[in-house]
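Asker: Here's a structure for you.
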Amino acid sequence: MATSNTNAAPRDNWGSKLGFVMAAAGSAVGLGNIWKFPYTAGENGGGAFIVIYLAFVIFIGFSVMLTEFAVGRKTGRSAVGAFKSTDGRWTFVGVIGVLSGLLIMGFYPVVGGWALAYVQKVSTGLLSNPEAIGDSFGGFITNPIQPLMWMGVYLLMNIIIVSRGISGGIEKAGKVLMPILFLILIIVSVKGLSLPGAMAGVEFLFSPDFSKVDSGVVLAALGQAFFSLSLGMGCMITYGSYLKKKENLVQTTGMVTAMDTGVAILAGIAMFPAMFALGMEPAAGPGLVFVVVPQLFAEMGGVGLIFALLFFVGLTVAALTSSVSLLEVVVSYLIDEKGMKRTTAVLSAAAVMAVLCIFASLSLGGVGPTLFDTGAFDIFDLLTDKIFLAVGGMLVCIFAGWRLSREELEKEITNDGEVKFPLFGLWYNLVKFVIPVAVAIVAFAGISSGFDSGKGPIMLMGIGIIALTGLLSKKL
Ligand code: TRP
């Protein structure tokens with residue numbers, strides 16, 4: 001992505017169509033698919049969660065991504081500028097996006113650091129003692145110092161990449177390593193499916209039991225859809241602003257959505273059959289990939305070691321191509337709106353992120369402040385995944401549906417009538433009416449049900465922060 005002079009009037013464009021699709025897919029495919037999706041599906045009952053998630057991806061995710069690309073390309077500006085240049089009262093939506101970027105980067109690099117650490121752990125004999133793999137993960141993430149060091153290294157990689165502009169090496173690394181990661185997920189799946197007892201996992205994934213679905217599960221599925229597709233915080237607006245006028249937005253959106261969803265489902269198939277076969281709990285939580293993958297490969301001897309290494313290298317790169325897009329949203333805000341130099345912007349944003357990550361990482365070992373019995377890691381996750389992204393996506397839809405005109409949008413999306421989009425009317429009505437109402441209902445019900453588990457107050461706090469930002473919007 002051409003990011004080095006975001007102030008200059010004619011924006012640099014993506015070199016090629018494939019380059020753009022790969023960059024947007026690089027942002028979308030990350031820890032959200034391979035780490036978060038499987039354990040969130042596991043905690044929320046499996047099959048039924050996945051069905052609801054897929055419905056949200058198709059009806060809401062696709063439409064919101066198309067909206068973000070259209071708004072970004074139309075205004076040619078990043079998250080905050082896109083709104084500000086149209087109507088100052090909407091600036092707060094971009095600002096919430098920047099805030100979400102900061103908060104997601106308050107825990108993402110912690111997990112990115114785990115992935116890096118596992119590259120090292122696998123190469124130094126983790127697989128030689130399969131029984132200890134589970135305990136070793138627990139011990140590692142609750143250790144106060146070690147994960148922090150890895151987080152630091154991971155964040156530093158982000159700093160270096162984003163200081164130079166995203167279009168350099170990381171895109172190339174992504175293009176090589178993403179397909180490798182995909183292949184390894186297939187190998188993991190085949191290996192997992194071949195184990196005795198694996199069918200229970202397939203059943204868990206694909207025979208939905210809707211009796212376990214409550215409003216908390218529905219909100220989790222909605223949040224996961226937004227998180228995984230990188231929506232609701234202006235990330236795809238920023239990417240869209242670099243898109244050429246002749247590119248087909250609808251097709252691009254379809255490709256990115258399909259790739260992202262494909263990887264998530266594949267990650268599910270890679271994890272659950274193996275878990276059931278190995279006798280692990282589907283609700284094992286955030287440790288899932290870090291425990292299942294090494295255990296599976298431990299049984300395979302020498303090749304297993306190579307696969308495991310490639311898996312964690314691939315996971316690290318997938319995480320990097322996503323986290324740089326998050327950091328970039330904050331950085332381009334600081335450059336465009338606050339007039340900072342790129343290096344200063346990167347360092348200031350990263351400094352805040354580092355502090356948040358320290359709290360997040362320590363909270364997993366029970367150290368540090370809590371709010372309603374919830375530690376920093378979970379607070380950042382709850383606020384963003386369950387509230388900011390969904391509400392942000394809803395606001396983008398309201399902005400497009402009610403603030404921009406139908407004609408403007410149709411011209412933008414069809415490239416002045418050159419691209420056929422027969423479903424335009426359906427998309428428009430989804431964006432203008434259905435998605436805002438649907439997100440509002442899901443968020444309201446989800447928050448209410450969250451009061452049983454102590455998560456409600458934190459989510460409600462998120463709504464409060466959004467309302468406050470909205471009220472202050474004149475000053476932003
Ligand atoms: N989608 C990425 C993942 O699944 C994370 C991410 C990158 C993201 N940019 C985002 C999430 C913007 C929400 C908004 O790992």
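Glycine is treated like the rest: Cβ placed from N, Cα and C.
Automatic prediction, not curation, is the source of TrEMBL annotations.
Taken from TrEMBL, the feature transmembrane segment applies to 18-35, 47-71, 92-117, 148-166, 178-198, 218-240, 261-280, 300-333, 345-367, 387-405, 426-451, 457-473.
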Asker: When you look at the transmembrane segment (18-35) alongside the transmembrane segment (261-280), do they share 3+ Cβ pairs under 8 Å, ignoring any pair fewer than 6 residues apart in sequence?
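Answerer: When sequence-distant Cβ pairs are counted, the transmembrane segment (18-35) touches the transmembrane segment (261-280), since at least 3 lie under 8 Å.
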Asker: Can we call the transmembrane segment (148-166) and the transmembrane segment (300-333) in contact, meaning three or more C-beta pairs below 8 angstroms at a sequence separation of 6+?
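Answerer: Taking Cβ pairs at least 6 residues apart, the transmembrane segment (300-333) and the transmembrane segment (148-166) are in contact, with 3 or more under 8 Å.
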Asker: Is the count of Cβ pairs under 8 Å between the transmembrane segment (387-405) and the transmembrane segment (457-473), pairs 6 or more apart in sequence, 3 or more?
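Answerer: Yes; at least 3 Cβ pairs under 8 Å.
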Asker: Apart from its near flanks, which chain residues at least 6 from the ends of the transmembrane segment (18-35) lie with a Cβ under 8 angstroms of it?
Answerer: 1, 108, 111-112, 115, 166, 170-171, 174-175, 178, 181, 185, 224, 227-230, 235-236, 239, 242-243, 247, 252, 255-256, 259-260, 263-264, 267, 286, 288-289, 315, 318-319, 321-323, 325
Asker: I'd like to know if the transmembrane segment (457-473) touches the transmembrane segment (426-451) in this structure, counting it as a touch only when three or more C-beta pairs sit under 8 Å and are separated by 6 or more positions.
Answerer: yes
Asker: Which one, 47-71, 92-117, 178-198, 300-333, 345-367, has the most C-beta pairs under 8 Å toward the transmembrane segment (457-473)?
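Answerer: Most contacts with the transmembrane segment (457-473): 92-117.
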